[in-house]
């Protein structure tokens, strides 16, 4: 595990059902932190429960008297361990459970001004609210922070001071619904929100075809009770479920509830800083009195690379080209459960396409109807915008692969979006940092060094890039001297999750590599990023022997394992004519083999090779070391 708690001293207070203190202490110590049995001045965090905080234990009292000690819930510890990095504490800070809650335009009111008689007043937009933090909720879409701001649906004409209603338990009264029926050419949405100020509450609804604004209505008699009643009635009418059971599986011919991930807004200070992916200057003054100049500490080539990687416009273009409706479920609002469900639907489709008999055995319907049913279910969970065109059936391996690629892209972009969002304005010491520096830190890099374009290392790598061009590829790669290649030390790679269909991968789920530069370049889709692509040059442990195949087989991973192999070699008709020791590039690579490009690639002599060029598939991320990153102009 990564050093999630490096430089942190963490104390524990209270009991945590289902967790042993010894296990929690091990989590802290094994992730680079230090456990403290007492709350001292060096203690950075106290992990406690809501009960222990409301009836303050001695440790809670001691931590409350120390401004540098953050009092957080158990979820902060567990989520940091799962993420393999420290997550922001803001969402996990423990506060006293309030006895009553009121709101005036999103700000706290004195209890003497409380509105309401026999029942406690409610919170809007998460103000004066604290979710019990010590236990994960069965149902999602709950507020975790008092500072959370729920976006009001577009085009709503209500008071601009209105806020989305959040009840005492943290449930957010915001429902995004979706329904697709390929046979009827239906691809529609329904949005429901309870909105209110300190005096009035209304239920806002909007509906129509995905990608269009649609129609809208405002319901209710201005009371909170009626607004909630209207919301829950409309939700049940459209989904067939009670609001309390919103995460239950969708019902036939009804709308699907899209769980959204709600995070607190970025701080105002961060909005004032120049963002990555823009061409704004790297200097900015903070505050009206104390002028703080923020400059990036990264080398200029690395700055430009961060601007490329975290360019929001490129994210938007990619999603649009894949027909994904980012307006319905934007990056940052995608829940892990939603992505997982999408993969599960595609896995069911893959199994059905591979074995049509499952239509009758598992779905009790003809094959075509089963394909349509699963297609409808997938599109309802993962919103697509097809305009007025009929949504395409996912009835072929080619279409299935396209949707797998979409979900993988969404997963990758979601990670990048999390890095952009999680990067705080200040570092652990409270120093203001530049957004590019924060986003670079979010990549978890141990090293990223721009190469000197006059060095032998640069020239050897440039020759490998240019000279390993495939003869069938009409793609021109330009090795740019500015910015140069980067030497990397990074080990965070991912393999497709278990719920992804194995048939979406020619040789099973793994990390795919090539020895021909243009074969890899063809997967970059550089037209979405100004014809600039990024290629990783990796060192891979492939083992001896590899599983050798001349054609694709989605079960290759299992076959390799059964034969004691750790990798698959998809043998191509064209291959490097020879190999050489990579010590010629850099001494630290001595013993690693790389293609010898003194001769161009030629016929491999493999009989019946289905592939034009070699592919190498490793099934464990531990087999890969990232060595170099090329920024390449592709035409």
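Note that Cβ sites are derived from N, Cα and C of the backbone, with glycine treated the same way.
Bear in mind that TrEMBL entries carry predicted annotations, made automatically and left uncurated.
Record note: among 230-260, 261-291, 292-322, 261-291 is the stretch given as region 'Disordered' by TrEMBL. Check TrEMBL against the ranges 48-100, 101-153 and you find region 'Disordered' recorded for 101-153. Here the domain 'BRCT' (1-94) has, by DSSP, the following mix of helix, strand and coil residues: 36 helix, 13 strand, 45 coil.
As a whole-number mean, the pLDDT of the domain 'WGR' (161-256) in this prediction is 91. Helix, strand and coil counts under DSSP for the domain 'WGR' (161-256) come to 19 helix, 43 strand, 34 coil.
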